[in-house]
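K.L.:
These came from Swiss-Prot, pasted as-is:
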MOD_RES   MET1  N-acetylmethionine
MOD_RES   GLU2  N-acetylglutamate
MOD_RES   MET44  methionine (R)-sulfoxide
MOD_RES   MET47  methionine (R)-sulfoxide
MOD_RES   HIS73  tele-methylhistidine
Amino acid sequence: MEDEVASLVVDNGSGMCKAGFAGDDAPRAVFPSIVGRPRHQGVMVGMGQKDSYVGDEAQSKRGILTLKYPIEHGIVTNWDDMEKIWHHTFYNELRVAPEEHPVLLTEAPLNPKANREKMTQIMFETFNTPAMYVAIQAVLSLYASGRTTGIVMDSGDGVTHTVPIYEGYALPHAILRLDLAGRDLTDYLMKILTERGYSFTTTAEREIVRDIKEKLCYVALDFEQEMATASSSSSLEKSYELPDGQVITIGNERFRCPEALFQPSFLGMESSGIHETTYNSIMKCDVDIRKDLYANTVLSGGTTMYPGIADRMQKEITALAPSTMKIKIIAPPERKYSVWIGGSILASLSTFQQMWISKQEYDESGPSIVHRKCF
């Protein structure tokens, strides 16, 4: 591998795609992982209407489009749309020729094997990349926090997982996955706002609700007490202006929405909350390393950006763990992008250069090479 060629780092999230160059401290391009197609027939000739739009352009034209996310729960469900997103990433956002740069991609742990094989195939066959690698998202977040041991609770738009890592190795038997993340919280907020009399139904309106969620929601330290405060006074109410100028008021929904992370029963799910999942993940590890995991619990991903989430995690895990245990929740301010930052660090390490899967290796072995070289 030539040193002068910059590697590309692409973190394909269910909600946002983060892309840029290895060695940079932040992604150059961050755009929604959305492909939009017109809902109506184009009647004006020469408008340059396209049959599909990607990312921010799809977002800005959402009023006339049907929006689809090709990645659901961290798994690519629509490869044609995914290819459009990658094409957009390379040619429109980063403005690079993918055949000239090694590409580091990311994926959720416990993904189906076929998913990474197909990613590998598209990179080499459609985009002709000289080399590529697929890394596990949570491991990259830990790199970004400067640790080699810890448990990462990574929660994005599509999937949440807890990954214990010891001396740089992920412990696969103790990885737990929870299909409850940002998109489910957005849907839940749509539902509870509807109960308040505000109707949000279309894919375009869902994006408005996502914005409300990102701007106004927070995690309560004590849910019952917060509910009592909300019902007795209007101190927790906030207003939000919709695109048409209408102003809506939102009260206990602000903390009821993210509370579902701790009480998935709110969404009709039988799974454990993020605090219990983190605890269960630690308990699946060897008794000798648990202390190090409790003391290095790292939050990562956009769904961990709610104010109050770290304090609440601290409180909940302290209640579950042995009473003498030191518990430390690490919530770096840049955690929204820590997967990408970790990828940027990894791809620029000199020791990593022999880890790339080269085009030649791919031609010799086919897509299954990815399981041998990436773990």
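In case you wondered, yes, glycine gets a Cβ from its N, Cα and C as well.
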K.L.:
Can you count the other CB atoms that lie within 10 A of the CB of the residue listed as 'tele-methylhistidine'?
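P.N.:
Total other Cβ atoms inside 10 Å, all chains included: 20.
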K.L.:
According to DSSP, which of helix, strand or coil covers HIS73 (tele-methylhistidine)?
P.N.:
coil
